[in-house]
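Report on the following structure.
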Amino acid sequence: MPFIQIPSNGAAVAAWAAAGCAVAGLIPIWQRRFTRAGGRPLLHPSLLGSAQFALGTAVAMAQFGASIAGSLVLTMFLQDGLGLPAVAAAAVTLPSAVAMGISSALAWRLVRRIGRHTVTLGLALGVCSLLASGLAALRAPADALPVVLALTQFCAGAASGLTVSPNQALVLRHAPREAAGVAGGVLQMSQRIAAAVGVSAVSGVYLHTAARATADHRSAYWHASLTCAGVVAVALAVSTLRGGRTDTDVPGPLQPAHDTNPRAGTQETHL
């Protein structure tokens with residue numbers, strides 16, 4: 001609602017932000033109380049207590065939301081701002097897919113050398129590519145702009161390939177085996193929520209800026225790219241914080257359940 005119907009003043013924005021933070025903070029409390037009451041919670045207790053899982057999920061949300069939103073506003077800018085046909089707009093974004101496929105296939109080699117810093121490197125590259133894309137929209141001549149944007153999209157795709165799969169693997173490391181399915185579901189759901197919010201917010205920034213009398217599509221795309229870069233920069237800060245933490249909350253192997261049958265340990269199986 002706050003992204004579809006833009007609040008009229010700062011107090012309304014603060015109220016919506018406070019409401020969202022309150023709901024996000026109450027969900028873990030509710031799930032813990034539900035667990036203590038003997039219920040089967042949607043979120044496994046070990047996930048709620050894992051700082052590494054929470055930080056990794058936050059990184060995934062920020063990166064995924066900014067990536068989807070950035071792709072949308074780029075398409076809007078190419079077609080509405082530059083007047084490119086759909087095929088030409090798709091050609092500009094194609095290098096991103098190619099680079100992501102290549103970097104995803106090679107990311108594991110980098111993970112073996114520098115570990116979780118691979119994600120941090122990918123996020124830093126993502127921030128740079130978003131800023132470069134926005135600056136190109138402001139400064140590059142119209143005839144060369146599609147080529148320049150294609151180059152920045154190649155960098156953005158490489159950044160996504162270095163971020164998405166390694167971060168997902170690192171996040172799910174901190175989920176116990178009995179909650180692995182729930183952890184994967186929470187991660188995917190969080191990314192979809194971030195995509196929905198990001199698309200609504202960033203496209204709103206683009207359209208709101210483009211509608212101003214003193215603005216144009218180039219400045220609108222710059223503001224949208226700057227917004228996405230800010231979100232990815234937050235993810236970069238979180239990833240840096242996560243890299244400085246120890247892995248003390250990595251769940252250990254499951255212990256076998258205690259068998260109450262005293263003869264269970266002495267029984268033999270005869271073929």
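A Cβ is built for glycine as well, from the same backbone N, Cα and C atoms used for every other residue.
Going by TrEMBL, these are the annotated features:
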type     : residues : note
REGION   : 245-271  : region 'Disordered'
TRANSMEM : 12-30    : transmembrane segment
TRANSMEM : 51-78    : transmembrane segment
TRANSMEM : 84-107   : transmembrane segment
TRANSMEM : 119-138  : transmembrane segment
TRANSMEM : 144-164  : transmembrane segment
TRANSMEM : 193-214  : transmembrane segment
TRANSMEM : 220-238  : transmembrane segment
**Asked** Which residues, given as numbers and ranges, are at least 6 beyond the ends of the transmembrane segment (144-164) yet have a Cβ under 8 Å from it?
**Response** 59-60, 63-64, 67, 70, 74, 78, 82, 84, 88, 91-107, 110, 118-119, 121-123, 125-126, 128-130, 132-133, 136-137
**Complete:** Ranked by Cβ pairs within a distance under 8 Å of the transmembrane segment (193-214), the first of 51-78, 84-107, 119-138 is 51-78
**Prompt:** Out of 84-107, 119-138, 220-238, which stretch has the largest tally of CB pairs under 8 angstroms to the transmembrane segment (51-78)?
**Reply:** 220-238
